[in-house]
Amino acid sequence: MSSYPPHVIVLIGATASGKTELAIEIAEYFKTRIHNIDSRQIYKSMDIGTAKPSENQQKKIKHFLIDIEEPINPINVKQFQEIAQKSIQKEIKQNNLPLLVGGSGLYMNAITKGFFVPDVPPQNNLREQLEELGQKECWELLKNCDPISAKKINLADQIRTIRALEVFYVTGKPLSSQKVQKPPQWKILELGLNRDNLKERISRRTKNMFLSGIIEETKNLISRYGSDLPILETIGYREAKDVLNNNLPIDKAIELTNIKTNQFAKRQKTWFRNKNNPIWLNNKNLLKDAIIKIESFLD
């Protein structure tokens, strides 16, 4: 492939929608490789809980941006943006067609739309103080110092509220004034995967996750990095950790993980609807529809 501006294919969809399987079929057809845009699959030793592409799948098609760092060394959005864009540019220079696949809207848009995110590391002491104040008080503080960000952040969203306050207190500038958009010079086709039976797919994946060994994987992560590893607070690992601590029976852990995953999928779909404008694929024949749309885009 040789064209200017370079062509890039993006496949987005909620968790458990089948992105990995479809992406591999697309990559096989177009003889290309996959860039994995996922906020957890970038970490080593976290395979089951993140539904990472299997060893066989990775042998079949080369996947970039998987297993690039130890879980003890968190990668923020800005760092991931830089790593991913370099990897994608390398593919472009080799006249390959980059295929970006993921469900993390923030990470994907940072790459494809070029959002600049302030490079402010977590301020643990500040976060503890803000958490003690409570979410309602924190949101009121944010409304006073950064009203633009406050309008965009849900009153109940503690993580984003504290992050916006953190950036303000460290830099002295509102987060909203520091978000700059410098999109890469790519021509992008954004395809969307929206399954009708997503709840059933999530239920099957959740059960399979526990049958496949997420509890043992969590135990190994705790053994290597300690129980305070932040990423162990994410969906699936939090519940597995509670099982290990005898705070939760396995059946309740599966039930809770399923509920949280459905809630997460709902937020993903809302994000894609509000912040992206994908061409939604026909669920009756996903691969055929994707091929038709990509070939038309490349002509």
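Think of each number as a place in line: the chain as shown, counted from 1.
Cβ from N, Cα, C; glycine included.
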In Swiss-Prot, which of 38-41, 94-97, 198-201 is labelled region 'Interaction with substrate tRNA'?
38-41
What is the Cβ neighbour count of ALA16 (ATP binding site) at a 10 Å cut-off, with all protein chains included?
23
For the region 'Interaction with substrate tRNA' (38-41), report the average pLDDT of the model, please.
95
Just give me the nearest neighbour of SER104 (site 'Interaction with substrate tRNA') among the binding-site residues GLY13, ALA16, SER17, GLY18, LYS19, Cα to Cα.
GLY13
